[in-house]
Amino acid sequence: MEVYRDLAGLRAALSEARAGGRDVALVPTMGALHAGHIALVEAARRPGTLVVASIFVNPKQFGANEDLSRYPRKEVSDIAMLTDAGCDLLWLPPVEQMYPAGFATNVSVSGVSEGWDGAARPGHFDGVATVVAKLFNQVRPTRAYFGEKDFQQLAVIRRMVADLDFDIEITGVPTQREDDGLALSSRNVYLLPEERQKAVALPRALGVAARAVLAGTDPAKALADATATLTAAGFTVDYVALVDAETLQSDPTPGQRRQLLAAARLGNTRLIDNLAVDPL
Ligand code: AMP
């Protein structure tokens, strides 16, 4: 796997690949890779495709009191994992390359960015949209892969791609989970052993709520029950919501696919998860 840390080198390598007839697929990440990220790389791999992963811990998507300085960084093992997964090229831009002095542009997607994590983390999705727009212009992929784990992020990216005419096919990859159901996340390393045991209550509560809603329970009651279960398990709940899977508006219109979204904190660690309610 080739590793690039400067934009000119990256662009030269990509031009050469394109001239050789290869398609370019992009997997953006913040590193501290796990099997969830690797599932994106595997989804991106196809004959004739150059798979590019990026690792960039994007300061613009962290709030002032969030975990930017302690976010896990594992470059050596990340490179080994990507190489094993058959990734062709790694883009590792330094922060000064992404945001040089004088950088003044912000990409803001209204609507889908506004509720849920957008409300809990002001500015977060502007940071995500801005960096992903830059990555798209730097790498110019024909396809890009994002995890359904970050369900609202995926909706924000899809909206941005449609609105700004990026000629890029976006694929959402199903959430990869531990054996007990906890969604894989780079932030799971923050969990103390007893918190890790409690964390499984999050996917379980979503499963119970999804089954209840499908069985006809009033959604408001199912959401209140999930919140109570999580609180009893030691979580501080930011939100548990039933939304339209496309618009992310609550009170989905009948006939539209519905998704449960949740964010809750265990000690200093904030976990998010989501689950489709309606069978495909
Ligand atoms: P991150 O490094 O956390 O910014 O994530 C990079 C990409 O990997 C995003 O598109 C995430 O949605 C995706 N991702 C993270 N965790 C998982 C998971 N457990 N399953 C599938 N995709 C994931």
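Cβ atoms are placed via backbone N, Cα and C, with glycine included.
Noted in TrEMBL for the protein shown:
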- 30-37, 147-150, 184-187: ATP binding site (BINDING)
- His37: active site, proton donor (ACT_SITE)
- Gln61, Gln153: (R)-pantoate binding site (BINDING)
- Gln61: beta-alanine binding site (BINDING)
For a quick check of packing: other C-beta atoms within 10 Å of the C-beta of His34 (ATP binding site), how many?
18
Ala32 (ATP binding site) to Gln61 ((R)-pantoate binding site): how many Å between their Cα atoms?
16
Rounded to the nearest Å, what's the C-alpha distance separating Gly147 (ATP binding site) and Gln153 ((R)-pantoate binding site)? Just drop the number here, would you?
9
For the C-alpha pair, I'd like the distance in angstrom between His37 (active site, proton donor) and Gln153 ((R)-pantoate binding site), rounded off.
15
Residue pair Leu184 (ATP binding site), Gln153 ((R)-pantoate binding site) - Cα distance, angstrom, rounded:
16
Are any of the binding-site residues Ala32, His34, Gln61, Lys149 near ligand 1, with a Cβ under 6 Å from it, and if so which?
Lys149
Pairwise Cα distance for Ser186 (ATP binding site)/Gln61 ((R)-pantoate binding site) [Å, integer]:
15
If you count Cβ atoms within 10 Å of the Cβ of Gln153 ((R)-pantoate binding site), leaving out that atom itself, what do you get?
24
Inside 10 Å of the Cβ of Met30 (ATP binding site), count up the other Cβ atoms and send me the figure.
18
